[in-house]
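Enquirer: Among the features that Swiss-Prot reports, L-aspartate binding site is placed at E171, R217, H448, R489, with the record citing sequence analysis. Positions annotated as ATP binding site by Swiss-Prot, on the basis of sequence analysis: R217, D218, E219, Q226, E482, G534, L535, D536, R537. Residues or ranges marked as region 'Aspartate' by Swiss-Prot on the basis of sequence analysis: 195-198.
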Amino acid sequence: MRTEYCGQLRLSHVGQQVTLCGWVNRRRDLGSLIFIDMRDREGIVQVFFDPDRADALKLASELRNEFCIQVTGTVRARDEKNINRDMATGEIEVLASSLTIINRADVLPLDSNHVNTEEARLKYRYLDLRRPEMAQRLKTRAKITSLVRRFMDDHGFLDIETPMLTKATPEGARDYLVPSRVHKGKFYALPQSPQLFKQLLMMSGFDRYYQIVKCFRDEDLRADRQPEFTQIDVETSFMTAPQVREVMEALVRHLWLEVKGVDLGDFPVMTFAEAERRYGSDKPDLRNPMELTDVADLLKSVEFAVFAGPANDLKGRVAALRVPGGASLTRKQIDEYGNFVKIYGAKGLAYIKVNERAKGLEGINSPVAKFLNAEIIEAILDRTAAQDGDMIFFGADNKKIVADAMGALRLKVGKDLGLTDESKWAPLWVIDFPMFEDDGEGGLTAMHHPFTSPKDMTAAELKAAPENAVANAYDMVINGYEVGGGSVRIHNGDMQQTVFGILGINEEEQREKFGFLLDALKYGTPPHAGLAFGLDRLTMLLTGTDNIRDVIAFPKTTAAACLMTEAPSFANPTALAELSIQVVKKAENN
């Protein structure tokens with residue numbers, strides 16, 4: 001039906017007769033001449049109709065936005081004064097000789113000249129996807145997956161599919177369950193990841209595996225989360241953690257070079273402890289130059305319980321954040337930041353405004369200065385390298401609250417004051433995570449998942465002191481986003497059962513949920529390690545959007561609903577009966 005794409009016409013096509021298919025993006029009727037911007041997935045080209053082709057001109061008068069049409073005409077160079085430098089096709093236009101209206105369009109529920117609500121965009125997603133910026137994002141996503149496949153093929157990885165209907169295993173979130181008609185009362189689970197299957201593939205001897213795969217998690221959603229999401233899933237045998245990181249770093253550098261023309265360079269490596277200490281986060285945004293500085297040792301003897309309490313508590317922390325130029329902040333802005341840190345459990349926000357250091361106490365402004373002597377204040381200013389015009393904020397509480405609150409404040413202030421260089425790319429690896437974390441009920445939970453190997457510990461040592469265990473795990477972080485994470489896996493049955501025991505999974509439950517894995521570990525399991533990237537998040541970064549729904553063709557809302565198809569929906573009673581399922585209405589509270 002067509003010979004060329006609209007957006008691919010250039011000066012090299014001048015004089016050629018072309019047939020185009022697409023949509024009317026805009027129409028301008030000048031009476032004796034009608035111009036339209038015609039759009040397809042590759043872009044927009046200007047088409048005009050003149051009186052010498054009367055039939056085509058007459059039919060063109062009926063055109064409206066989003067009519068689906070076919071145009072045949074001749075490519076012409078535009079006059080110099082009419083060249084549109086903002087369009088890829090701006091040096092040419094098409095003089096139409098014939099026009100076919102393939103399909104007319106009703107008045108659109110979306111307005112291309114205004115910002116539409118996200119609800120409307122999701123309800124009429126098929127229209128929203130016609131927008132050039134949306135089409136470009138999905139084209140970029142397709143390019144990314146193509147680049148990944150070629151890279152992985154070139155590096156000896158095999159693309160192997162794993163099951164979608166599998167067994168429920170605890171991986172940190174709720175499973176989506178699928179009832180079995182054949183096995184009454186039993187359920188499959190949609191995979192949260194192919195974790196165990198890819199480990200079993202290593203035990204099968206496939207050595208290098210990858211898959212671009214859908215995963216499912218029934219969890220409370222955020223702006224950057226979806227109930228179904230896509231992973232670039234990778235597993236390797238006989239490779240150390242640094243070797244895995246080297247190959248995966250090469251993949252991501254390849255993507256940035258091909259898609260953005262940017263060489264990311266070598267990725268720095270930082271331990272979890274260092275990231276938390278310096279940035280208050282295990283996914284630090286290194287485009288932001290500000291760092292947290294520990295000052296507890298300077299404040300142990302002050303008569304100010306807000307500082308002295310955490311300073312003398314082994315589980316406490318007092319951290320300072322120097323904000324360059326922050327002395328210009330108003331009291332209202334400071335109060336807003338104080339309320340902001342309360343979201344993260346902090347009780348408030350102490351500060352010192354550094355107006356003129358040379359004047360000592362007279363050169364600062366601080367509600368807590370009366371609790372601190374000149375010597376302590378000077379020591380704090382020295383340690384934070386404070387200069388005239390700076391602001392120093394303080395966080396004082398238990399270590400987690402200080403890290404969470406001050407880490408979040410660092411990001412917010414960096415953005416608000418323009419201190420974060422958003423023109424840069426700042427990748428890094430974060431390694432050496434704690435293996436376990438407190439579950440809040442006196443037990444331990446796996447920080448990553450229960451199949452991660454500890455670093456340099458035997459099963460007996462791990463059992464004796466699990467709180468000291470460091471996971472042989474690694475996350476890739478770019479501009480403050482965790483884009484991928486992985487670990488060296490447990491390849492020894494005793495170690496795996498020890499980890500299960502620490503997590504409170506008794507032997508009976510181990511056999512019930514993981515018997516197949518424990519059996520497989522008996523038969524010469526190779527050491528193996530892997531990683532998974534979030535394709536949606538990678539694409540979000542590479543396309544410059546801050547909303548993950550912009551890079552998914554048909555995403556769900558934050559309530560895990562599809563506004564277009566109205567999923568989820570009630571099931572047919574007959575289908576439920578075949579599955580031996582009865583829906584019980586929840587009693588309403590009176």
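Every residue gets a Cβ built from N, Cα and C, even glycine.
As the structure is a computational prediction, the values presented were derived from the model and not from experiment.
Could you give the neighbours, burial and distances for every feature on this list?
Expert: DSSP assigns H448 (L-aspartate binding site) to coil in the three-state reduction, placing it in neither a helix nor a strand. The number of other Cβ atoms within 10 Å of the Cβ belonging to H448 (L-aspartate binding site), over all protein chains shown, comes to 20.
Within 10 Å of the C-beta atom of L535 (ATP binding site) sit 24 other C-beta atoms, taking all shown protein chains into account.
Counting same-chain residues at least six beyond the ends of the region 'Aspartate' (195-198), those with a Cβ under 8 angstroms from any Cβ of the stretch are 162-163, 166, 169, 171, 209, 211, 233, 235, 449, 451, 514, 517, 530.
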Enquirer: Round to the nearest Å and give the CA-to-CA distance linking R217 (L-aspartate binding site) with R537 (ATP binding site).
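Expert: Spelling it out, the Cα of R217 (L-aspartate binding site) and the Cα of R537 (ATP binding site) are 16 Å apart.
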Enquirer: Given the binding-site residues E219, E482, and counting only Cβ atoms in the protein chains shown, which has the most within 10 Å of its Cβ?
Expert: E482
Enquirer: At a 10 A cut-off on CB-CB distances, which of the binding-site residues R489, R537 has the highest count?
Expert: R489
Enquirer: Work out, from DSSP, the number of helix, strand and coil residues along the region 'Aspartate' (195-198).
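Expert: Final tally across the stretch: 4 helix, 0 strand, 0 coil.
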Enquirer: To the nearest whole angstrom, what is the C-alpha distance linking E219 (ATP binding site) and H448 (L-aspartate binding site)?
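Expert: It is 16 Å, counting Cα to Cα.
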